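Trainee: Got a structure for you, questions after.
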Amino acid sequence: MARGGARAVAPAALLLLLLLAAGGGVHCLRSRAESGATVLELRHHASLGSGGRSGSAEEARGVLASDAARVSSLQRRIGSYGLIRSSDAASKLAQVPVTSGARLRTLNYVATVGIGGGEATVIVDTASELTWVQCKPCDACHDQQEPLFDPSASPSYAAVPCNSSSCDALRVATGMSGGQACDQPAACSYALSYRDGSYSRGVLAHDRLSLAGEDIEGFVFGCGTSNQGPFGGTSGLMGLGRSPLSLISQTTEQFGGVFSYCLPPKESGSSGSLVLGDDASAYRNSTPIVYTAMVTDPLQGPFYMVNLTGISVGGEEVQSPGFSAGGGGGGRAIVDSGTIITSLVPSVYAAVRGEFVRQLAEYPRAPAFSILDTCFDLTGLREVQVPSLRLAFDGGAEVEVDSKGVLYVVAGDASQVCLALAALGSEDDTPIIGNYQQKNLRVVFDTAASQIGFAQETCDYI
């Protein structure tokens, strides 16, 4: 780890964890235009086991199982994109509120956008290639709290034909092989499936997308008529990945290929923001933004990858051969808003876990919980000094994880508090930096300059 490099860190080497149960909830998600930017309010779409509330262990176990399935699916998709690919500047800013999705019973972050004159609350996902919403007539859809999008009620709606460039791009965007994207004479169909059994199927369409008063005409999205999975009460998903059909690619003219977010903790009332555009005056960061280069790899698919060069625990740098740059695993890592728990290759995880156990040796151990195998019994303690967790990246950028992203409280009485990290199955897997470790950070994705930035920020939409 470069000790002299730039840092986005808290000043203390030890983080203070308050062992208090937390509630969750969402309100109507807002948006605004500010300084040429569009700002959407973000909220946490579901709590990770409701933050340790009693009776939530089974819910948390299911959520973590789904998260593990997502991680496994991403690993498989990385390989599939390699196979597919081998065969085959604007200054405006939009800011959208990002919120915790506890009320909607899912584990990720959500924002509200306008589509065809209506509104849709969607999961924000940086690893997804396509934005989709549930549409009438719905053959098999998950429950959602808002009305289904009705294509017949939108005069600007139109299905995308099979012979269009957008339908051609769908093959790359969804990982389909040639010819499978269009199986109907007129409309371009799509089918997205995930390893946990969830899916979205329907037709590719275009309509007006509204972001804090900024209208994007002819926005291409999936109009899903058969959708199942852990999407809670949302209307669908916002695809922010690196692909031709993602929201970022389709709004390059308006926002210059730059977006950022600040993901709030799930506590009741907390909110954050998704900023579309490169105007940093819309940020509320308390430390300078430090940047690291994106990994440029034509086989990477829609993912945002960086080189993770080191990790320190409580100021002690851990040693592991898994930090060597290059290769399929090791130092190369995906920064992902849709994965919850950060997953590391086994050698790196073992080194980090060992240092945490050493520094927390005074506390009794507790049983493992789901994918979290390092847990402690902190019963009767109102506060505990927890070793800090700091990530280092190429170029000397260092980022300290917020205290709320280091440990996960399983039991409300603190009898089971776990290190919020997990091990991947193989040294060849690609590490994933999940949203649990991105809380209260401004994370900037600059596709034009091919870099990702980090800064400390107490997430607040206001």
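Positions of Cβ are set from backbone N, Cα and C atoms, glycine also.
Quick paste from TrEMBL:
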type     : residues : note
ACT_SITE : Asp125   : active site
ACT_SITE : Asp336   : active site
DOMAIN   : 109-455  : domain 'Peptidase A1'
SIGNAL   : 1-28     : signal peptide
Trainee: Count the Cβ atoms, other than its own, that fall within 10 Å of the Cβ of Asp336 (active site), considering every protein chain shown.
Mentor: 24
Trainee: Determine the Cβ neighbour count for Asp125 (active site): the number of other Cβ atoms within 10 Å of its Cβ.
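Mentor: So the Cβ neighbour count for Asp125 (active site) comes to 23.
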Trainee: Where Asp336 (active site) and Asp125 (active site) are concerned, what is their Cα separation in Å, rounded?
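Mentor: A Cα-Cα distance of 7 Å.
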